[in-house]
Amino acid sequence: MAATSAPSSFAPGTLLMAGLLTVLTSAQGLLTAASKTGGGYAYDFATVPFLSELTKLGISWALLARLRAADPGSVRITRDAKTVALFIVPSIIYMFHNNVQFFFLKYVDPATYQILGNLKIVTTGLLLRVALRRQLSRLQWLALLLLMAGAATSQINTDCSKGTVQSVLHAPVMGYIYGCVSALLSAVAAVYTEWVLKKNNDTLYWQNMLLYGFGAAFNFLNLAHSKAASGRSWYLFEGYSAITWLVVANLAFSGLLVSWVMKFADSICKVYATSLAMLLTTLVSIARFGTQPTLQMGLGILVASVSVVLYYVPPAQLAAAPDYEPVPQREREPGGKLPR
């Protein structure tokens, strides 16, 4: 990949988009859990990403058509086969990543899965450095390590009142191998997608159409395999409820936000948004579902919050002493007495 220098500043609205991505990513897990019926899914889960990709494709096409009607001169589209073919790769990477996730979960418990999953934070930073020649300061590397530590700490659960401690990071060697492969594939997908979106000045809506067009094609193949293996009918909406449609919509809009963040910010911004979403989900679970807060949760959220500040606030501002307005001396009255 060609060298890419880090932008001096993000596009306007990046903070808003990243915040929305955090909220939608957090909501995805909560909505998916709420869509279960009797401990399982009444619908074919393979239909969700397929319908989500179709939704993203349709929205991107509508936005591109609207932009062309309003300002045709601002639309930039590259149609040569070599450029278009580059957008096939993310779909292939994500397809492999989804399969690796399945094997990963076969060898590890949920807590270990969550903790090892945070390796993607560091692998994304390393891949940005190697593939895109992105220079990160020592302070930013420390911030990424803190984010990984905070996210992992928040997932460790202990119950000292009962004299028990949850066993974590005790898994077969294959579990660790799949964890590392999963983190690497996640980083490759994120960094490659950022690179291909920033490779030229094509309109984001057109690039999204390519991304989601190929994504819909690959997800259809996965859906066809699922239908053939299960013998279920080809009625896509079987078992769907209002919450299921919210799952599809939420996944679609969060995907659109990811592409925006990749185009106008970077992969690290996306990593922060998705990592903080896990912590937001924890807070919502405490407030809404009665999950018991733990010291580990509090420490994890605190460390992750400090990481955000260390990564994005310029070092000069971090080291600067706060400005205080000098307190004016009160004038004394004749005789040396202070006025009342």
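Glycine is treated like the rest: Cβ placed from N, Cα and C.
Annotated in TrEMBL:
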- 1-29: signal peptide (SIGNAL)
- 84-105: transmembrane segment (TRANSMEM)
- 111-132: transmembrane segment (TRANSMEM)
- 139-156: transmembrane segment (TRANSMEM)
- 176-197: transmembrane segment (TRANSMEM)
- 204-222: transmembrane segment (TRANSMEM)
- 242-262: transmembrane segment (TRANSMEM)
- 269-289: transmembrane segment (TRANSMEM)
- 295-313: transmembrane segment (TRANSMEM)
For the transmembrane segment (176-197), give me same-chain residues lying six or more residues beyond its boundaries with a C-beta closer than 8 angstroms to one of its C-beta atoms, as numbers and ranges.
1-2, 4, 86-87, 89-90, 93-94, 96-97, 100-101, 103-104, 107-108, 113, 116-117, 119-120, 122-124, 126-128, 131-132, 204, 207, 211, 259, 262-263, 266-267, 270-271
Honestly, do the transmembrane segment (139-156) and the transmembrane segment (269-289) touch, with at least three Cβ pairs under 8 Å and pairs 6 or more apart in sequence?
yes
Other than its close neighbours in sequence, what residues sit by the transmembrane segment (295-313), given a CB gap under 8 Å and a spacing of at least six beyond its ends?
139-140, 142-144, 146-147, 149-158, 268, 272, 275-276, 279, 282-283, 286
Recorded stretches the transmembrane segment (111-132) and the transmembrane segment (242-262) touching, at least 3 CB pairs under 8 Å:
no
